[in-house]
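Copied over from Swiss-Prot, here are the features:
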- 56-127: domain 'Chitin-binding type R&R' (DOMAIN)
- 11-14: repeat '1' (REPEAT)
- 18-21: repeat '2' (REPEAT)
- 24-27: repeat '3' (REPEAT)
- 29-32: repeat '4' (REPEAT)
- 39-42: repeat '5' (REPEAT)
- 47-50: repeat '6' (REPEAT)
- 141-144: repeat '7' (REPEAT)
Amino acid sequence: GYLGGYAGYAAAPAAYAAAPAAYAAPAYAAPAVVKTAYAAPAIVKAAAPAVDYYSYPKYAFEYGVNDPHTGDVKRQWEERDGDVVRGEYSLLEPDGTTRTVTYTADAHNGFNAVVHRSGPSAHPAPAPAVAVPAVAKYVAAAPAVVKSVGYGGYGYH
């Protein structure tokens, strides 16, 4: 036992209780299984989606640019009637030719474009080679070795 100044630890308890004679685990009951009947979903044929226009799509536009200062030369036109779109645009290529693209688009054929080039192709002559004078090689003298003068007052020699 404990021999210090607290008497509550000086001796063992006067009696011990005996272990229980038998142990019964709690009973477990599995939840009841409820059978649910399922029916196959009914097959419904979907109707083709109806085209619902707020207003019938119909437009036409055309524009062109001819800026000699920047060299920007182009034009375009397009028209739509329902689900059919037709149009054409052209632009001046850097080599001087004109590229023209004619296109159509509809629900049956999709988008189709035909590209044409017209006009003479003008390529600038290559710039003449410029002769660059050779740079003279720089030659430097090797550094001279100089014996150090000691610093006698500071203990360096």
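Cβ coordinates come from backbone N, Cα and C, glycine included.
Secondary structure of the repeat '5' (39-42) per DSSP, as helix, strand and coil residue counts: 0 helix, 0 strand, 4 coil. Under DSSP, residues within the repeat '3' (24-27) fall into helix, strand and coil as 0 helix, 0 strand, 4 coil.
With DSSP classes pooled into helix, strand and coil, the tally for the repeat '2' (18-21) is 0 helix, 0 strand, 4 coil.
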